[in-house]
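K.L.:
Have a look at the structure that comes next, please.
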Amino acid sequence: MPEITLPDGSKKVFEKPVTIQEIAQSIGSGLAKATIAGKVNDVLFDATLPIDNDSKVVIITSRDKDGIEIIRHSFAHLIGHAVKQLYPNIKMAIGPVIDNGFYYDIFSEYRFTPEDLIKIENRINNLIKKNYDVEILQVTKKEAIKTFQERDETFKLRIIEEIPDEGLINLYKHEEYIDMCRGPHVPNTCHLRHFKLLKLSGSYWRGNSENESLQRIYGTAWAKEKELNDYLKRIEEAEKRDHRKLGKKHSLFHIQEESPGMIFWHPNGWTIYQVLEKYVREILNKNDYLEIKTPQAVDKSLWEKSGHWDKFREDMFTTASENRTYAIKPMNCPCHIQVFNQGLKSYKDLPIRLAEFGSCHRNEPSGALHGLMRVRNFTQDDAHIFCTEEQIQAEVSTFIDLVFEVYKTFGFDEIIIKLSTRPEKRVGSENIWDKSEEALMKALDNKSLKWVLQPGEGAFYGPKIEFSLKDCLDRVWQCGTIQVDFSMPIRLDATYIDLNNEKRNPVMLHRAILGSFERFIGILIEQYEAKFPIWLAPYQIILLSITDRNIEKCLKFNQLINSKGYRSKVDIRNEKIGYKIREATIGRIPLIAVIGDKEEQFDSVALRALDGKNLGIFKLDDLYKLMNNLIEKKGRTE
C-alpha cells in the first residue's frame, strides 16, 4: 500500500502499486489527460511504470520545463519511427535533446535531401494522428542485445556494450519501431503536436572524424503552437542576421579552406576590430592595467610546468626548431606569469594588472568551427591580476563594474551571472576556498546583483564568475569571466615579499570582458544586423554627388572630413541620386550626405540618417559637432 506525498504536502494511499497516470486520474481527469511523466523522489519517471513504495511524487505536464524536454526526446524517437518506415535499411545512432529541440544521427548510404525532410515530417504527422500508446519495456542487457541484433542496429549494440551488465535497460516501443533510452517518454503520441524538422547536417559517430560519417536531422518541438511559431520566427530572424552571410555581403571577413577556423579580415571588418580594440584599451588604461605583449611560440617545458601540456596537448598546435618543441600558445596566462616574475615584487606593488590582446591558437575539431563564433585563431581581451587574498573582493568588484559598463555600451542590458564553486577534485586549502568564494559572493551581493549558484562547477584551481549577455533574439552568449587561481602562481614560482618580509605566492585572477574579439564581433554583427552605431561603423558617412558638377566639392569635403579623423568615403558615379542613396542604405552607412548645386552654393550638405530620416542642411562645422555628439554617445539614447 504505497503512500504518495504530493507537492502540496497532501497524501494519497493506494492499495496496490500505482502509476503516475493513475495518481493523476485520482486527482482529476483533466490532469490525467495532460500528464506526460513524473518525478518520484526527485527522479524522472515514466507515467506508466508502477510505484511500489512510499514516495514523493510530482506530476509533469507540457507546462513544465521537464515536460517539454520529454516531449522533445519523444519526438527524436518519432524521427526514428518515421525514417525506418521510409528507409528500412538505415541504421539509427543517437537522438538527444538539445537547446530548443532535438536531433537524430543516422547512418545511411542514401544522402537525405531537403525534399526527404518534408517527406519525413509528413510521415511523423501521420504517426502522431494515430494516437498510439508508447510502450516501455524494461529488459536485461542480454535481451536488449538480442532485440537490436534482430534489427541489425549496430550503433545501438555499441552503446549497449558500454552499459554495465547489472540492472535493466529501458526500451521504448512505437508500434513496430523499438528504440532505447533512459527515458522517460510520453505515454501516447497525443502529447506530440507542435514540431518542425529544421535542417540536415553531417556528423561523425562519437564526434570523431575517424569514425563513420552520419547524417543528422534537427528538429524543434514546443508545448503550444504559438511557442513553435514564435521560435520559427526567431530562427528566420537569426538566419537573416547570420554573421557569416552579413560578413560576406558587407565585405567584413572571410574564411577559406586553406586556413580553416582562421579569419581573413577585410578593410571594413578590420576597421571594426581596431575601433573595438581602441575602446577596450581606453577602458584598461582608465583602470590601471599595464599592457604587455608575449611570444606566440613557447617551448613545451613551460606548458609542462603550467600543467597545460598534460591536459591540453591535443588542442595545441606545435612546431619544432633546433631539436626543441614549441607550442603555439593556446592561452596567455603562463606567459603573463613570466612577465610578473621579472624582478622582485613587494606586497606594496600589488595588485598588478597585466593585460594583453593575446592571439591564441587552439586545434578545434573541424566540425565544431562556426564562422567567427568558433575559430582556431582568436584574440582575447585577456588580463591577469596578481593580488593578495585580501584584495580579491575589491578587484572582482571593480571588474564587475567594467563588465556592465562595456556591455551597456553595446546595448546589452540583460546580463546573466553564474558563480561556480569548489569541485570535488581541487587544489588549495579549504580556508582559501572559503575566503575566495565569500569574496566573489560579497562582490556580487554588495551590488545587489541577481546571480545563479553552480555548486561544484568551479575549476580545480579556484572559483569563478561567468557573465553571459542576452541578445535581441533572446540567445545567451557567455563572454566575460573572472576566475580565481591558486595553482598556477605556485606551479610557475610567482612570488612577492609580504609584510613580514617572507616570500608568498600571489593569487592570480584570470579575467576577460569580451572573451574573444572574433566571437564578440560575430555577436555584434548579428545584434546590429550589420547596422553598426556610428562610432563602430567601418564608414561613418558617405558623400553623394548629384551631378558631375558636384564631384569636385564632394572630393574636397571628403578630404576635409577624413582629415578630422572621421571615416568618410564618396560615391561620385554617374548614377541617379536615388540609386546612390539606396546603395548607401544597403551598405549600412550611418550618415548619407547629398551634395547638389544648391548645397554647393551654400558650402553645405543635405544630411539623412540610415533609417531615411531627413536631418537637414549642415555646414561642415555643424556636421562635425553632430558626428562628435553621436560618436560620444556610442549609439546610446539616454
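Cβ coordinates come from backbone N, Cα and C, glycine included.
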K.L.:
Please identify which of Cys333, Cys335, Cys554 is recorded by Swiss-Prot as part of the Zn(2+) site containing His384, His510.
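P.N.:
Among Cys333, Cys335, Cys554, only Cys333 appears alongside His384, His510 as Zn(2+)-binding in Swiss-Prot.
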K.L.:
Specify all same-chain residues, apart from the site residues Cys333, His384, His510, whose Cβ lies within 8 angstroms of the center of the Cβ atoms of the Zn(2+) site, ordered by sequence.
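P.N.:
The surrounding set, listed in chain order, is Met331, Asn332, His336, Asp382, Ala383, Gln483, Asp485, Met488, Met508, Leu509, Arg511.
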K.L.:
Average the per-residue pLDDT over the region 'Catalytic' (242-533) and send me the rounded value.
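P.N.:
Mean per-residue confidence for the region 'Catalytic' (242-533): 94 out of 100.
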K.L.:
Let me make sure I understand the structure: which of the binding-site residues listed (His384, His510) has the fewest other Cβ atoms within 10 A of its Cβ?
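P.N.:
The binding-site residues His384, His510 were compared, and His510 has the fewest Cβ atoms within 10 Å.
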